[in-house]
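One structure is given below, encoded as structure tokens.
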Ligand SMILES: NC(=O)C1=CN([C@@H]2O[C@H](COP(=O)(O)OP(=O)(O)OC[C@H]3O[C@@H](n4cnc5c(N)ncnc54)[C@H](OP(=O)(O)O)[C@@H]3O)[C@@H](O)[C@H]2O)C=CC1
Ligand SMILES: N[C@@H](CC=O)C(=O)O
């Protein structure tokens, strides 16, 4: 084994819905991932809050678990943050970037609120900061906006960006489920944030549209800039009225450029909207996400798929881990 092929040390911060799925997929696909990276990925530790909690981590040595995430940062090639919240995640990732580690996160609140600062630090240290899973989970859209469409002029983005509220609205609209039962079911499926008001009040969708807007237009967009309304105030009356006219209520996040391509001004909003039944966003089922991106040259592009849940989100996280690990291998030669 050459120096370039020696194991890439991956520190996993968090083993909840997403983190546990990442650990499982990393173990299950070890040889495949090694062949794609050019070196094996070695899980160097897994940080959790409660060591006594039972976990579904078959094949993962228990000795890797620690309740001291800070101990995993130094010495890691890639740090994967799946804890959620602003602190201690922000402090840990700052330390990881300062130490020269590649960083991967699915934490949309952290990226929406502190992403500009972390990206500046990553650029200064010449390391990667990847967060594909932070927007639309499994649906590849961050990289599309940041890279694939970098030569085009994006004019408009509209999306169903929150899987749990879409699940709830879909269950109420199509299955006649009560609002309360649908919320419970979304929680059981692992779609809801630790604080479900983030989903229900549109805060989660707001963070995601802020991230996309910044990536699309390269201008500072803050959470406070989002005109935001959630779904918690909806009643049977709203659903009955929409159904009676063949419409469907969805929580839609929108961002549009109102200035020129050279001097863009950006507007962002999240609100429940009644859509015609055949609108692509209206056709989004269960925990799915759909994003429509309008551009000057490519026209309207549509992306759809699983927008929440452990295994789909882990797929996007692992894509970022492979990209980060490839950079580590490239930097060794
Ligand atoms: N769930 C989803 O569908 C999606 C989630 N995300 C994002 O992914 C991230 C993780 O989400 P999810 O897996 O659902 O969250 P969970 O709440 O299920 O898991 C969080 C994990 O982090 C650990 N943790 C939290 N705080 C600390 C701490 N201070 N020290 C050590 N460990 C800690 C928890 O430990 P313990 O297990 O002991 O409690 C747990 O293992 C969040 O940022 C979320 O927004 C993004 C896309 C989809
Ligand atoms: N709570 C979020 C999880 C994924 O980002 C959602 O429901 O979309």
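Cβ coordinates are placed from backbone N, Cα and C, and glycine is handled just like the others.
Marked as active site, proton donor by TrEMBL: 208. Long-range Cβ neighbours of residue 208 (active site, proton donor) (same chain, at least 6 residues apart, Cβ-Cβ under 8 Å): 108, 112, 134, 135, 136, 159, 161, 162, 253.
The NADP(+) binding site annotation in TrEMBL covers 14, 15, 16, 17, 18, 19. A 10 Å cutoff on Cβ-Cβ distances gives residue 19 (NADP(+) binding site) a total of 27 other Cβ atoms nearby, all chains included.
Annotation comment: TrEMBL describes 108 as NADPH binding site. Residue 108 (NADPH binding site) falls within a helical segment according to DSSP.
Secondary structure from DSSP puts residue 193 (L-homoserine binding site) in coil. Summarising the annotation, TrEMBL assigns L-homoserine binding site to 193.
Feature annotation from TrEMBL assigns domain 'Aspartate/homoserine dehydrogenase NAD-binding' to 14-127.
Marked as domain 'Homoserine dehydrogenase catalytic' by TrEMBL: 140-322.
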Per DSSP, the domain 'Aspartate/homoserine dehydrogenase NAD-binding' (14-127) contains 55 helix, 17 strand, 42 coil
Residues lining the NADP(+) site besides 14, 15, 16, 17, 18, 19 (CB within 8 A of their CB center) are 20, 21, 22, 82, 83, 310
As a whole number of Å, the Cα atom of residue 16 (NADP(+) binding site) is distant from the Cα atom of residue 193 (L-homoserine binding site) by 11
Long-range Cβ list for residue 14 (NADP(+) binding site), cut-off under 8 Å, min separation 6+ in sequence, same chain only, gives 47, 48, 81, 82, 83, 84
The answer for which recorded positions (16, 17, 18, 19, 193, 208) have a CB under 6 A from ligand 2 is 193
